[in-house]
Structures are given as structure tokens and as C-alpha cells.
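Annotated features, as they stand in TrEMBL:
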- H131: active site, proton donor/acceptor (ACT_SITE)
- K135: active site, proton donor (ACT_SITE)
- K30: NADP(+) binding site (BINDING)
- G71, T72, T73, S96, S97, N98, F99: NAD(+) binding site (BINDING)
- H132, G141, T142: (S)-2,3,4,5-tetrahydrodipicolinate binding site (BINDING)
- 1-96: domain 'Dihydrodipicolinate reductase N-terminal' (DOMAIN)
- 102-230: domain 'Dihydrodipicolinate reductase C-terminal' (DOMAIN)
Amino acid sequence: MKIALLGYGKMGKVIERIALERGHEIVLKKDEFNTYDGLSTADVAIDFSIPTAAVDNISNSFNANVPVVSGTTGWLEHYDEMVKLCNEKQGAFISSSNFSLGVNIFFELNEYLAKIMAQFDSYKVTMEEIHHTQKLDAPSGTAISLAKGVIENSNYNNWTLEEAAKNEIHIEAKRIGDVPGTHTVTYDSVVDSIELKHTAHNREGFALGAVIAAEWIVGKKGIFSMKDVLNLK
Ligand SMILES: NC(=O)C1=CN([C@@H]2O[C@H](COP(=O)(O)OP(=O)(O)OC[C@H]3O[C@@H](n4cnc5c(N)ncnc54)[C@H](OP(=O)(O)O)[C@@H]3O)[C@@H](O)[C@H]2O)C=CC1
Ligand SMILES: O=C(O)C1=N[C@H](C(=O)O)C[C@H](O)C1
């Protein structure tokens, strides 16, 4: 498979290594300064860039009839536009705040726990995410996905980085050293606490998941999620 890497930073480099190990070829390494030359020869584009570059990366790929796997976070306000363009071009698109198998299992557990906890208003939910100090966005895309998973399965209706009102989920975003990504969902009552926690030990899981999603999407048309790739529906 021929892969265009849109973003060649910390993630792009790990994805390149894993893709080469799995027998794929890299036809473009797009950073801030070079062009999209080579994009139209790719079977799939993998975008791990920066919030302000994601929309250009994704739309240029759809315009070149190249399916897109996007892991970039912090650009979600444009997600519906990208879905519309993908449908117009009869393209294929997977965007996920987190491609690791472990986090996608964690997402399922989070939704299951939220359904149970919705019956017990003596507990209040909060979330914490910890990432490296180079991270541009806060809260993390994964924390936003976790908050949405609770909101869709409970009476909570919003998340906030500030002090939370009764039906809001407080997210604490911490930036420490080179932490790859730690997320904790806590239900706290006067008598006890229940915690669900995922700790990434490195970036390998995110990168492998993105390459598996890229292998999966080639030849398909439509809007997909990691639930489709991992058969979690
Ligand atoms: N979904 C998931 O599983 C995961 C998502 N992420 C997300 O992926 C993104 C990238 O993370 P990470 O690799 O750590 O970040 P880095 O800052 O290490 O890399 C970002 C890269 O994007 C490049 N870039 C800047 N402008 C453009 C542009 N116009 N077109 C293409 N590339 C551009 C930068 O280029 P230059 O080097 O020239 O500045 C850099 O190489 C972040 O949004 C992060 O939150 C991260 C891990 C997992
Ligand atoms: O920027 C990162 O590093 C990460 N970003 C993603 C996010 O915002 O959730 C995924 C992972 O936690 C690492």
C-alpha cells in the first residue's frame, strides 16, 4: 500500500516505521513547508499534523480521491464540513481522537459504566488527562470523546475545563514532561470512588492502530470509525 504521511512529527515518524515494517511504501512526508506532490499517487493518506493544518490535509486528499485516516485533534468544529466533502467526492474517511486498541476498549467500558452510573446521582463524574508539554490542544481529543461517551449515556449535558455545574463534567488537563497520554474517569461519592484509567506507555499503540485503520479503509467508501475497524459495534 502507498501511504501519504500528512504530518511528519512525533507520530508521523512512528507511523512510518510501523508502515515500513508491515510492507507499505511512503510516497509523501508532508510537513509545514513542503508541497502535496505525490499525494494523488497514494492509496491512503494518514494525517497526524496540527489543528490548523488538518482541514487542508483532509480536503486536499478527498480532492485527489485518496481515502483519509486522521488522528489530528483540536479541529473538530470543521468535522461536518469534511464529512460533507467526503460524501460529495464519494471518498472514505476515518477520524479518531485515539487509534490505540486499548483506548478503544476503554471507550466501550466508559460508555457501559456511564449507563450504570446514570442511575446513581450520589456519584459525580470528573476526568483527568495528562500529556507532554508540546501538546497544542486542551483538553485532549480523547478526553472530549470520553466526555461525549458519558453525555450520550447519562444526564450530563456538557464538559468544561472550568468549575462544573451539576450536569457538567469537569476535565482537568495537565501538561507534564513527555507523558504520551494518560486518561482517568472518576466517579466520586462521599463514601467511595470508582476509577477507570488508561495509560499509554509510548506512541506505538496509536501508530499501529492508525496503520491498521489505513489498511482497512482502502477500497471502501463512506464515513467510518474505529468501532467499524475493530468490530466493536
Ligand atoms: N488519534 C490518535 O491516536 C493520536 C492523535 N495525536 C494527535 O496527532 C497530532 C500530531 O501529534 P504529534 O505527531 O505528536 O505532533 P508533532 O508536533 O510532533 O507533529 C506535527 C507535525 O505536523 C506538521 N505540520 C505543521 N503544519 C503542517 C501542514 N500545513 N501540513 C502538514 N503537516 C504540518 C509539523 O511539521 P513541522 O515539523 O514542519 O513543524 C509536524 O511534523 C496532534 O493533533 C495530536 O493530538 C497524537 C497521538 C495519537
Ligand atoms: O497529542 C498527543 O500526544 C495525543 N493526542 C491525542 C489526544 O488529544 O487525545 C491522543 C493521545 O492521547 C496522544
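Just so it is clear, glycine is given a Cβ too, placed from its N, Cα and C backbone atoms.
Bear in mind that TrEMBL entries carry predicted annotations, made automatically and left uncurated.
According to DSSP, H131 (active site, proton donor/acceptor) sits within a strand segment.
The two recorded residues, S96 (NAD(+) binding site) and the residue listed as 'NADP(+) binding site', have Cα atoms 20 Å apart. Proximity note: of the listed recorded positions (K30, T72, H131, K135), none has a CA within 10 Å of the CA of T142 ((S)-2,3,4,5-tetrahydrodipicolinate binding site). Helix, strand and coil content of the domain 'Dihydrodipicolinate reductase N-terminal' (1-96), in residues and according to DSSP, is 41 helix, 22 strand, 33 coil. Of the listed binding-site residues G71, G141, the Cβ environment within 10 Å is emptiest of other Cβ atoms at G141.
Take the Cα of N98 (NAD(+) binding site) and measure to each of the binding-site residues K30, H132, G141: the nearest one is G141.
Checking the recorded positions G71, T73, H131, H132, T142 for a CB within less than 6 Å of any atom of ligand 1 leaves G71, T73, listed in sequence order. A distance of 11 Å separates the Cα atom of H131 (active site, proton donor/acceptor) from that of G141 ((S)-2,3,4,5-tetrahydrodipicolinate binding site). DSSP assignment over the domain 'Dihydrodipicolinate reductase C-terminal' (102-230) gives 45 helix, 36 strand, 48 coil. For F99 (NAD(+) binding site), the nearest of the recorded positions K30, H132, K135, G141 in terms of C-alpha separation is G141.
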